[in-house]
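Now, the feature entries from Swiss-Prot:
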type: TRANSMEM; residues: 27-47; note: transmembrane segment
type: TRANSMEM; residues: 71-91; note: transmembrane segment
type: TRANSMEM; residues: 93-113; note: transmembrane segment
type: TRANSMEM; residues: 128-148; note: transmembrane segment
type: TRANSMEM; residues: 168-188; note: transmembrane segment
type: TRANSMEM; residues: 199-219; note: transmembrane segment
type: TRANSMEM; residues: 239-259; note: transmembrane segment
type: TRANSMEM; residues: 262-282; note: transmembrane segment
type: TRANSMEM; residues: 288-308; note: transmembrane segment
type: TRANSMEM; residues: 337-357; note: transmembrane segment
Amino acid sequence: MLMLLTFFAEHMTPLNVFRYITFRTGGAMITSALIVFLFGPSIINSLRVRQGKGQPIRADGPQTHFKKAGTPTMGGLMIMTGILVSCLLWANLASVYVWVVLLVTVGFGAIGFYDDYLKVTKQSDKGFSGKARLGIEFLIAAVAAFVIMRAGQEPFSSSLTFPFAKQFVVNLSWFFIPFAAFVMVGAGNAVNLTDGLDGLAIVPVMVAAASFGFIAYLSGNAIFADYLQIHFVPGTGELAVVLGAVIGAGLGFLWFNAPPAAIFMGDTGSLALGGMLGTVAVATKHEIVLAIIGGLFVVEALSVIIQVGSFKLTGKRVFLMAPIHHHFEKKGWTESQVVIRFWIVAIILAMIGLSTLKLR
């Protein structure tokens, strides 16, 4: 919306600053952070009153988690509010990529909200039907993938690129839609599985958002894209503004989610943020790089798949508890040790992922 001020730049030169993605990214970050900081306490109090007992605690979980009983969930509402308001102010709303990413965020967030609602009202960790939930997620993601493919430039709009072999490109044709949908849904649910300890998910999400904000800016700039030999995708640079809003909202949320958490992100936030990251990766043609930068989320998801698969096939569990962060708690790590060490892993993986931009 503030981009409209550039129409008056001819008479007021300082307004030209709103043309710069970097300036608007910073503005979006500050705005979303302030929104969450200022309105967070009232939202938390309202959710605490409405939810009563708060998010149910897993009976088979670590004993230290029972003291968290009564903590409200659906903190993702705070995050999404900050992101949406900030993007409406600072992003170029003429960009189809901005709208696609925001619609996936809201769509996945709505699914997560309904899941959280069922868990709170039933006081059970069994929420929305898994099959129905995945079905709706794939439907939303498939629509988003179709729009991204049609908005791109042929033949690269339906292609898959590889970070360490930049000249090797696979044209997926119409198979791009189910592939892209899988990336979005997988990212959403991987972040969802990671969100199990105070502050555990939000920092790696911010690290990934910062990394992909950088990637989006480079991918949307013809000069930088040519220099780095990555695919130039016109318009994706605007996604840096959206991801700046994610970082700001994440910082605001972390203020309240730091241990002991005053509120949990819930599926409302984790599904929305994961789906957003997956959509950005698809739009910028860096799906495989997402698996590196978001490697922590991948490991968390794989630990659940391995645990469930092993138990069904052999009757034995590979981990003491899944997702894997609970395994380390059962091994004797304190919650703070798990969280901070996982943050470190996320930062290292992000640096490795970003290094692929230069490696040929």
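Keep in mind that glycine also has a Cβ here, set from the backbone N, Cα and C atoms.
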State, in range form, which of 71-91, 239-259, 262-282, 288-308, 337-357 has the highest count of Cβ pairs under 8 Å to the transmembrane segment (199-219).
239-259
Under 8 angstroms for C-beta pairs, at least 3 of them, ignoring pairs fewer than 6 apart in sequence. Is the transmembrane segment (93-113) in contact with the transmembrane segment (239-259) by that rule?
yes
Leading contact stretch, 27-47, 71-91, 168-188, 262-282, 337-357 vs the transmembrane segment (288-308) - CB distance under 8 Å
337-357
Under 8 Å Cβ-Cβ from the transmembrane segment (27-47), and at least six residues away from its ends along the same chain, one finds 2, 72-75, 77-79, 81-83, 85-87, 89-91, 241-242, 244-249, 251-253, 255-256, 262-263
Counting only pairs 6 or more apart in sequence, are there at least 3 Cβ pairs under 8 Å between the transmembrane segment (128-148) and the transmembrane segment (262-282)?
yes
